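Quick notes on the structure that follows.
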Amino acid sequence: MTTWSLRRRPARTLGLLLLVVLGFLVLRRLDWSTLVPLRLRHRQLGLQAKGWNFMLEDSTFWIFGGSIHYFRVPREYWRDRLLKMKACGLNTLTTYVPWNLHEPERGKFDFSGNLDLEAFVLMAAEIGLWVILRPGPYICSEMDLGGLPSWLLQDPGMRLRTTYKGFTEAVDLYFDHLMSRVVPLQYKRGGPIIAVQVENEYGSYNKDPAYMPYVKKALEDRGIVELLLTSDNKDGLSKGIVQGVLATINLQSTHELQLLTTFLFNVQGTQPKMVMEYWTGWFDSWGGPHNILDSSEVLKTVSAIVDAGSSINLYMFHGGTNFGFMNGAMHFHDYKSDVTSYDYDAVLTEAGDYTAKYMKLRDFFGSISGIPLPPPPDLLPKMPYEPLTPVLYLSLWDALKYLGEPIKSEKPINMENLPVNGGNGQSFGYILYETSITSSGILSGHVHDRGQVFVNTVSIGFLDYKTTKIAVPLIQGYTVLRILVENRGRVNYGENIDDQRKGLIGNLYLNDSPLKNFRIYSLDMKKSFFQRFGLDKWSSLPETPTLPAFFLGSLSISSTPCDTFLKLEGWEKGVVFINGQNLGRYWNIGPQKTLYLPGPWLSSGINQVIVFEETMAGPALQFTETPHLGRNQYIK
């Protein structure tokens with residue numbers, strides 16, 4: 001039997017010698033040259049948990065993993081990011097699978113383009129990486145509703161993440177389709193998937209003791225035969241245990257290492273230790289700072305985890321971007337939605353550039369590798385294109401007539417229950433409510449998440465979680481009351497995920513009397529939404545545009561397109577679309593000040609740029625080589 005172990009630089013040998021005394025490891029450099037997907041031909045056993053060690057076939061194995069989410073990275077850059085992972089000395093890719101993106105409507109599945117899971121997994125195998133798949137159904141991942149599809153919320157009695165029949169029936173149908181794609185990619189079928197995670201951090205939710213056994217059985221019944229794992233933070237670990245499933249832990253600091261050495265052992269006895277999520281940074285929320293974690297602290301903690309005889313996964317190795325409206329939110333004391341960038345202060349930047357963390361971790365993993373690491377790929381070029389001044393304009397009020405007949409309802413309808421998208425409701429974007437009023441007074445109601453209130457076309461303020469009332473002034477003549485409501489992102493973590501319906505929730509009141517007879521417009525801003533606005537629908541940009549509005553301009557590129565960062569100085573809040581691709585939201589409250597624009601989404605020649613601005617338009621759009629993610633705050 002081949003036995004692998006670690007030999008490291010003298011400064012770190014003391015801790016390893018202690019492990020030798022304890023019998024955990026036998027010192028020798030790791031030689032990974034034959035233990036890669038394309039070279040391991042004779043497969044029988046797969047990844048196993050035996051005593052303190054993982055075993056892959058007859059070899060002791062350490063998982064040195066990193067997380068990259070295919071859905072947050074342009075497909076054209078998957079190879080670049082995976083090669084950089086391999087060059088850092090890692091041997092395993094981990095990724096979530098987002099149900100909401102793969103099944104946007106009941107029974108209609110999308111695994112094309114940037115959602116081609118199979119192509120991503122097979123590319124990892126080609127590059128020499130094993131794969132741990134995290135298919136949920138709930139994934140958290142700072143995604144809208146934790147990756148669950150919003151159409152589940154059409155059921156007024158829905159209990160997400162439980163064995164409630166309405167939920168499990170939907171999971172079963174989704175898993176029927178998903179696992180038919182995943183099963184052939186497993187290790188025992190010649191693929192790179194060596195382990196599959198059961199749900200995600202359920203111990204912190206823990207509302208139904210029958211739920212985790214149900215998910216485990218749902219995976220196994222559909223042909224999942226590889227090692228099963230759970231993943232929990234320190235608060236949920238003891239409650240997230242499932243019989244026959246290996247428990248792993250999520251943490252960030254050296255102060256939490258006792259969870260590895262003591263708590264994990266107390267929970268499941270003699271089993272391999274695994275940090276499924278070592279958080280290399282953290283996500284950001286609108287209105288907050290840009291969270292960063294010092295590279296020396298990262299190296300110190302990673303070294304301590306490995307010295308403790310544990311496998312590790314770096315979450316995130318490369319964060320990428322919350323393109324479109326996929327970002328999630330948190331709502332404990334206050335509602336806070338996540339920014340567009342998922343840079344995460346990870347090992348690679350949002351644009352895939354190297355960081356001090358990358359260099360230090362590459363040295364570290366290189367020091368315990370028995371073979372030289374492959375050279376890191378060259379950096380991708382960036383380009384500060386010339387500023388772009390929009391020349392055409394379409395106010396939201398003028399755009400409404402091109403959207404077809406509005407939905408008419410006596411009472412407000414929340415976003416998820418709108419009769420659109422084949423009966424699946426609206427998942428993302430904005431929703432506009434209109435009704436007629438004949439008096440002034442106090443307007444009140446529950447708006448999720450942010451509603452701009454208009455009398456005719458004049459903005460009078462906002463309603464949100466903190467501001468639930470607003471004074472409506474007296475206006476002579478026919479008066480239309482309008483509320484433009486934005487879904488800023490459904491909560492992805494916490495106990496209140498069942499309550500994530502968006503738009504107007506319940507009645508809207510004027511002087512405590514419910515308003516009636518609404519006209520409702522679905523503004524999902526998909527590609528099909530903009531196809532209704534031919535060039536003949538736009539007009540020249542006036543000196544003082546009526547807002548909210550769409551602004552149209554063109555970016556001319558004469559050479560091969562490169563990555564760039566879009567800067568919107570003078571603009572306040574909205575969304576940017578390039579050649580039909582939704583780059584995501586911008587907001588001048590920060591911390592994020594630039595939007596990442598991948599080169600593959602541009603073309604040589606003319607590129608169409610559309611900005612939807614809610615409140616204040618700037619003079620131009622600027623492009624820079626350098627991202628600006630906001631004022632730094634060190635994670636403690």
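Even glycines carry a Cβ here, placed using N, Cα and C.
For 1-32, the entry in Swiss-Prot reads signal peptide, with the evidence type sequence analysis.
Sequence annotations record features per position, and here Swiss-Prot assigns active site, proton donor to GLU201. Within 10 Å of the Cβ of GLU201 (active site, proton donor) there are 23 other Cβ atoms, across all protein chains.
Feature annotation from Swiss-Prot assigns active site, nucleophile to GLU277. Taking a C-beta cut-off of under 8 Å and a sequence gap of six or more, GLU277 (active site, nucleophile) has these contacts in its own chain: SER67, SER231, ASN250, LEU251, ASN313, TYR315.
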### Message
Which secondary structure state does DSSP assign to GLU277 (active site, nucleophile), in the simple three-class scheme?
### Response
strand
### Task
Please state whether DSSP places GLU201 (active site, proton donor) in a helix, a strand or coil.
coil
